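**Student:** Pasting in a structure now, in structure tokens, and then I'll have a few things to ask.
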């Protein structure tokens, strides 16, 4: 009989219980050292530490961190000094210990390092990423000035109330200020997290041979651009929209043609605020950070014009003509504002939406669009404009952080990316995220396998070595190989008349018998399932072809490329797009192949696979550290843990997978001296009174035990 935390009393079969650890392992700092290593003991240990305010815990290669949902005084300058130069095992678990170890090993072994932070939205990935940058900027600042310059402009999102030490030099200041900019343009309030990163990023910090920071670069992944045009209930679009509008004075309203919150259709939930956040103050912090990044006033002006134009795009109201199904724009006032902001002709702009020229073979035809087609084209363009502006900002940050004259000798890479996602219904975006996590888990499994192998060799243990990274290969092949799920999606995108349904039929026919592929029953809303390492995930193929092609109105794109505004031209140069014809899948004359110059265009999945391949190549050539961020509860309450939720995340984050690998070898470990003290009573007089080291004593005791067992068996 077991009493649960909820107050319920349940009867559990003895075989379903797991062994408890001796009291000496209470609140163990490294769970891989537990005598009894199992799911229950890991969860219990994490809870005991969390209730004591200890949010960081090691689990072998992992550092597990549980979001405290409160401010803790453990990130100050004094704490940094405590961890500076120390080995991981010399100090209590902490993100600074992970950063310190990576920095020390980089200098000691001249080997590139990486720190991989994964977890659900709201688990603390971005905050811990910032703590790593804070630590490295402090300990590795180039000694160009003995005085520390002011680190003002650091916003509340960046530090959650903890002080960032002022650091030496422009480069380190810019490195710290990159985060407020990225958060303003790439983070948003969601139901789970008031400051949720809606993109992944890999931050590469380069160091010279002396260990000083020599430069940095940032690579971003999968910006959730759909948030630009609509948001779920009680959620916001990106922070910058609210910062911008709440800071608008009379001059800004005039210069950028701004409206009230309630007038913008793209702000689904209107003037939604975030508790404890002053958007106007955050805007000033964002501006200051951008100025530190050497973004000019003219560039800021262009960015704000672009933001206003995106908001205005949602206010164009197209109608359907009475006698036909053609779309019309009775009032082009909003269109005039957009064209003024973007520097293009309003007549050409409106015509490009209503009656675009479509390339069919070698000819161009003008084809009137329906209201649904125009609305789709406007939304697609709005998302694309914002995404291109975001990428320009990232490029601009990288330009400021690049110090080609200060060549880096080694680097530390910090990955902040979404963890495994299993919703009731999952789409193309979830497949990309889960595919990424399969690859990252494979990297962990392989790394752990290599370290286990080295440990067993040191101990002279005979063991049939298995590379557990190979366990995940069938699922990865199902997704990425030739004729895999992504390859078939790309292939289907090239066929005229192809639909999401024909794509689904093709993957079922191709992979129906694959051990990692599943077909749900006929009543299920999903279309197929994949058995990932974290569990079975159901996917819906609705809109996959459109999401993969990401089509745009190429007539409007051509206008933007010829804009009289330099910034607009800049963000649209070298645009590789699928033309408008793909949105009209019912017209046999509009062949997709004719809208794309083969070899020029790559689908979303192709681009992402290229990014991921490059990332994995980089990570495989580093010494990785793994940080797993955990949400304790969905209510954002401090000091409260919901056990099933945490256990599920431990499974999705690969922590339990790591334990499985340990258990397949020799998971129960004990120090030689402790073994002697615990069991010497069973073999009195076996150990001589003179000095004998722990290993030799343990060997003698084991030999004596074996002899006793053999003699008893022979009787």
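Heads up, the Cβ atoms here are built off N, Cα and C, so glycines get one too.
Curation plays no part in TrEMBL annotations; they are all automatic predictions.
For 26-715, the entry in TrEMBL reads domain 'Myosin motor'. Here TrEMBL flags 119, 120, 121, 122, 123, 124, 125, 126 as ATP binding site. Marked as region 'Actin-binding' by TrEMBL: 612-634.
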**Student:** Which one of the binding-site residues (119, 122) has its C-beta surrounded by the most other C-beta atoms within 10 angstroms?
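**Tutor:** Max Cβ neighbours within 10 Å, all protein chains included: 119.
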**Student:** Under 8 Å between C-beta atoms and at least six residues away from its ends: which parts of the chain pack against the region 'Actin-binding' (612-634)?
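**Tutor:** For the region 'Actin-binding' (612-634), the nonlocal Cβ contacts are 46, 50, 59, 61-67, 69, 95, 98, 101-102, 105, 109, 111-120, 122-125, 128, 192, 202, 204, 219, 221, 413, 415, 419, 435-436, 439-440, 443-444, 447, 640-642, 645-646, 649-650, 653-655.
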**Student:** Summarise the region 'Actin-binding' (612-634) as counts of helix, strand and coil residues per DSSP.
**Tutor:** 9 helix, 8 strand, 6 coil
**Student:** Counting every protein chain present, what is the number of Cβ atoms, excluding its own, within 10 Å of the Cβ of residue 123 (ATP binding site)?
**Tutor:** 25
**Student:** I want to verify one value. Collapsing DSSP to three states, which class is residue 126 (ATP binding site)?
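**Tutor:** DSSP assigns residue 126 (ATP binding site) to helix.
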**Student:** Would you list the other residues of this chain near ATP - those whose C-beta lies within 8 angstroms of the C-beta centroid of 119, 120, 121, 122, 123, 124, 125, 126 - in sequence order?
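**Tutor:** For the ATP site the neighbour list reads 67, 193, 196, 419, 629, 631.
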**Student:** For the binding-site residues 121, 126, which one has the sparsest Cβ surroundings, going by other Cβ atoms within 10 Å?
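**Tutor:** The binding-site residues 121, 126 were compared, and 121 has the fewest Cβ atoms within 10 Å.
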**Student:** Looking only at DSSP and grouping its letters into three states, which state does residue 121 (ATP binding site) belong to?
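**Tutor:** For residue 121 (ATP binding site) - judged by DSSP and reduced to three states - the answer is coil.
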**Student:** Just jot down the residues in the same chain as residue 120 (ATP binding site), at least 6 apart in sequence, with C-beta under 8 A of its C-beta; none if empty.
**Tutor:** 192, 418, 419, 421, 629, 631, 649, 652
**Student:** Neighbour count, 10 Å Cβ-Cβ cut-off, for residue 125 (ATP binding site): what number do you get?
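**Tutor:** Around residue 125 (ATP binding site), other Cβ atoms within 10 Å: 28.
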**Student:** Calculate the per-residue pLDDT averaged over the region 'Actin-binding' (612-634) and state the result as an integer.
**Tutor:** 95
**Student:** Can you give me the same-chain residues 6 or more apart in sequence from residue 124 (ATP binding site) with a CB-CB distance under 8 Å?
**Tutor:** 65, 67, 629
